[in-house]
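Q: As listed in TrEMBL for this protein:
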DOMAIN    2-161  domain 'DUF5935'
DOMAIN    176-312  domain 'O-antigen ligase-related'
TRANSMEM  15-39  transmembrane segment
TRANSMEM  46-65  transmembrane segment
TRANSMEM  77-95  transmembrane segment
TRANSMEM  104-126  transmembrane segment
TRANSMEM  146-164  transmembrane segment
TRANSMEM  176-205  transmembrane segment
TRANSMEM  211-228  transmembrane segment
TRANSMEM  295-317  transmembrane segment
TRANSMEM  337-364  transmembrane segment
Amino acid sequence: MLWTWVSTMNPHRYAWGFIATAPVAAFTVGVTLLGLVFTKERRSPFLGLPVVLLAIFVSWITVSWLMSHNVADGYWLWNRSMKIFFMAFITLMLLQTKEHIMTFAWIMIGSLAILGAKGGAFTLATLGNYRVWGPPDTFIEGNNEFALALIIIIPLIHFLQLQVSRQVWRHILSIVMLLCVIAAFGSHSRGALVAIIAMSGVFWWRSPNKGALAILFFIIAVAMLPMLPEHWWTRMQTISEYQVDASAIGRLNAWHVAWEVAKHELFGAGMSYQYSEYFFLYGKYETIVRAAHSIYFEILGNHGFIGLFLFLLIWITTFREAGWLMRNARSTPHTLWAAQLGAMAQVSLVGYAVGGAFLSLAYFDLPYNILIMVMLAKAWVMSQDLKDQAIETGVTSCPPHKKLMAHQNDSSG
């Protein structure tokens, strides 16, 4: 839990002095591993196909990095990514109960929600004249990356909203969601705008109150869009004018280079294909080295077609597992929360899939945390089914004078 808070929110980055650059995340890893050694409450992390695919993907990344032309340059990103993947497997081993899963969800979602609420308040205070940025020296430091992170967690905030019973907390979480939307717009990110539109469509389609939600979206748009400054609108208009936009041309060129690298290198370029020799050799529109600005072309250029295939399979199977939760966990009240998690996880993954098409966030830990929550919830639901079957079997096979006691124990639990 401590690792999740530190790696997601990066609270020490907002401090002064030595703590701002201290290896706080490494300390939390050490504490977690120490607990792992002494606890008996651990299990295999391989709870389903997405986790198996993730393990294969991690292995492929490592081979790709070792086969690259410049192993030393790629070490820092490989090391950073391996810490994230390693802790993902540790989390799958240690968290088992509903309380574990919900605590994990509150910490992860709440960490970004606080930053989003702060960014939304800043956008309102400045009338959108300044961009919103993420925590410094993190995956989401940039305005575009931070906006995508907020878009991903908005459906998950709604999931938390469904779990609270007090009306005041539901209203607070509604305000937080609205502030996160405002902060995403305040980032001036074109990719965020596209992702919000796509995710809102899925959110609306899944809602049982489509009419009311459509009216709410309209009211928010009418209230918020007119306050955005002229330079925001100018930037958004370039989405349809990519032929004359230097940034868009640079991205198209970087995508073309990634494709060519994957065609010629089985393992890809390693942890990065941003080398001048690749752009000089394969650049179609220019030879300037630029970031991929796409999770798909980032993986394609870095790890080849096999790496991209594994990456896509991870998220396709995770999406399907979330659908399994929706279908199989909504029938009983005590498992309904898992169905709601599955539904909102799918909406979040759509936001990541669409927004990630324009951003280099393939190794960002937030989507992998969603994978973790989905797989933990599925394992929990299946364990509840086994308990129910055991109770039913015990009741039907026990003597008549003990059946009443079994039913009473079942209802009290």
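Cβ from N, Cα, C; glycine included.
Remember, predicted model here, so these are calculated numbers, not experimental data.
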Q: State the residues, same chain only, that lie 6 or more residues beyond the ends of the transmembrane segment (295-317) and have a CB under 8 A from a CB inside it; answer 'none' if no residue qualifies.
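A: For the transmembrane segment (295-317), the sequence-distant neighbours (Cβ-Cβ under 8 Å, at least 6 residues beyond its ends) are 48-50, 53-54, 56-57, 60-61, 64, 254-255, 257-259, 261-262, 265-273, 349, 352-353, 356-357, 359-362, 367, 371.
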Q: Counting only residues 6+ away from its ends, which parts of the chain sit with a Cβ under 8 Å from the transmembrane segment (146-164)?
A: 102, 105-106, 109-110, 112-113, 115-116, 119, 132-134, 140, 170, 173-174, 176-177, 180-181, 183-184, 187, 189, 191-192, 195-196, 199, 203, 337, 340-341, 343-345, 347-348, 351-352, 355-356, 359, 361, 364, 366-367, 370
Q: Need a quick answer: max count of Cβ pairs under 8 Å to the transmembrane segment (176-205), which of 77-95, 211-228, 337-364 is it?
A: 337-364
Q: Can you tell me how the residues of the domain 'O-antigen ligase-related' (176-312) break down into helix, strand and coil by DSSP?
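A: Per-class counts: 104 helix, 0 strand, 33 coil.
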